[in-house]
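Swiss-Prot has this to say about the protein:
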- 17-50: domain 'LRRNT' (DOMAIN)
- 17-522: topological domain 'Extracellular' (TOPO_DOM)
- 99-120: repeat 'LRR 2' (REPEAT)
- 171-193: repeat 'LRR 5' (REPEAT)
- 421-474: domain 'LRRCT' (DOMAIN)
- 544-567: topological domain 'Cytoplasmic' (TOPO_DOM)
Amino acid sequence: MLRSVLLSAVLSLVGAQPFPCPKTCKCVVRDAVQCSGGSVAHIAELGLPTNLTHILLFRMDRGVLQSHSFSGMTVLQRLMLSDSHISAIDPGTFNDLVKLKTLRLTRNKISHLPRAILDKMVLLEQLFLDHNALRDLDQNLFQKLLNLRDLCLNQNQLSFLPANLFSSLGKLKVLDLSRNNLTHLPQGLLGAQIKLEKLLLYSNRLMSLDSGLLANLGALTELRLERNHLRSIAPGAFDSLGNLSTLTLSGNLLESLPPALFLHVSWLTRLTLFENPLEELPEVLFGEMAGLRELWLNGTHLRTLPAAAFRNLSGLQTLGLTRNPLLSALPPGMFHGLTELRVLAVHTNALEELPEDALRGLGRLRQVSLRHNRLRALPRTLFRNLSSLVTVQLEHNQLKTLPGDVFAALPQLTRVLLGHNPWLCDCGLWPFLQWLRHHLELLGRDEPPQCNGPESRASLTFWELLQGDQWCPSSRGLPPDPPTENALKAPDPTQRPNSSQSWAWVQLVARGESPDNRFYWNLYILLLIAQATIAGFIVFAMIKIGQLFRTLIREELLFEAMGKSSN
């Protein structure tokens, strides 16, 4: 018994001794080797021991992988042969690799695989064939790989897949078919993948997603279909994907979507639909998706949207409706229910106006971008009760004026971008400028807003305007410039008229009428006549009083003279 134990110990020590490492290799770990350079066709000449468990070969010269390259390596578990310009593989090359669990043949020039090349590797769990030149695959190529979990076939030239190609891969969890030339996926192709969690099909040429294709993928959590040629998606195509968390459909040719398409994917946390020529959305498209945090609908042909389009997306934090050149109107209440929304991007569209309640209920909103639209005015209460709002972008619109209190109730506001608008710097804008005078730090200095009119102030920035003299005083006179179309809008009835203006005069001007001044001229003439009459009366009275005084003085002198003569 003791002799057996000692013999085993000696044998293990002998096995632990490092083998002679080839010159072009590194052998820093026992049972593992890393080699570069040399020729693919002469791997056997490296003299690698047969008891290795890990082999990494890379950057080798172009050639054919020989059938005896790995002879006798029955304990090998990881074989990585990448970036080596392998042009072909001889049949039987991997026949001795019965314990192999990972085979990586990434970034080579392989265009064809022999039918039974993988049959002996029944324990294989990971197979990487990406970044090669594969054009087709034999339908029985993966038949013996019952334990395969990860299969990467991306970045090849595959245009067709046999219907039963993956029929034996019941344990598969990751399947990457991205960046190929696939135009169609046959029915039944994914019928056995009940444990599949990640399916990557992006950057192909798929034209449709047929009904039933994904029916057995109940464990799927990630499905990527972006950058294909999809023109249609079958109704209910995603109904069985109850665990799906990521779905990307951006960069396709979708002009419409079936009603209720996303009704049953309630666990989605990421959904992309941008860069599709969508012309409309169905009234009901989304189900309850409390976990969806981000949604982008930019680059479409949408003209408007259903009022309740986003009503079920209560957990949404970022919503992007940008670069839609035909989007000219938003329905009232469109964003109602998005109580968690932080970022709202509605820029680079064709919006000319916004509903008064467009942002109502978005108490957590921090950033709103409305730049690059055609907005001519903003509702006075648009930003009311948005106590968390930090940034407002309004540059590149057609705004001429803003209500004086449009940003008044935003305690967290730190940035307002107003550049590239045709601002009309008359008295109609003065209330807003008065507010802005106390909040100049909000304006961006890179592209400051400039006056487009009137002519006397054209090209002046708001900074320059506010640093000059008070050109629209509130205590005297009428505006120094003739009233313009913008200034002739009727004042808000809830506001009291400015003390420097007659309310009747403001109403006449608001109606475009010239005030009748004849009454004032008549009154002025009457006042002059009255003044002249009073002045004449005073002069006449003064003359009479002077004559009276002279008479009294004369009589007094006569009385004194008579008294003296009697004595």
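Heads up, the Cβ atoms here are built off N, Cα and C, so glycines get one too.
Predicted, not measured: the structure shown is a model, and the values here were computed from it.
According to DSSP, the secondary structure content of the repeat 'LRR 5' (171-193) in residues is 0 helix, 3 strand, 20 coil.
Each residue in the repeat 'LRR 2' (99-120) has a pLDDT score, and their mean in this model is 97. Helix, strand and coil counts under DSSP for the repeat 'LRR 2' (99-120) come to 0 helix, 3 strand, 19 coil.
Residue counts for the domain 'LRRNT' (17-50) under DSSP, helix first, then strand, then coil, are 7 helix, 8 strand, 19 coil.
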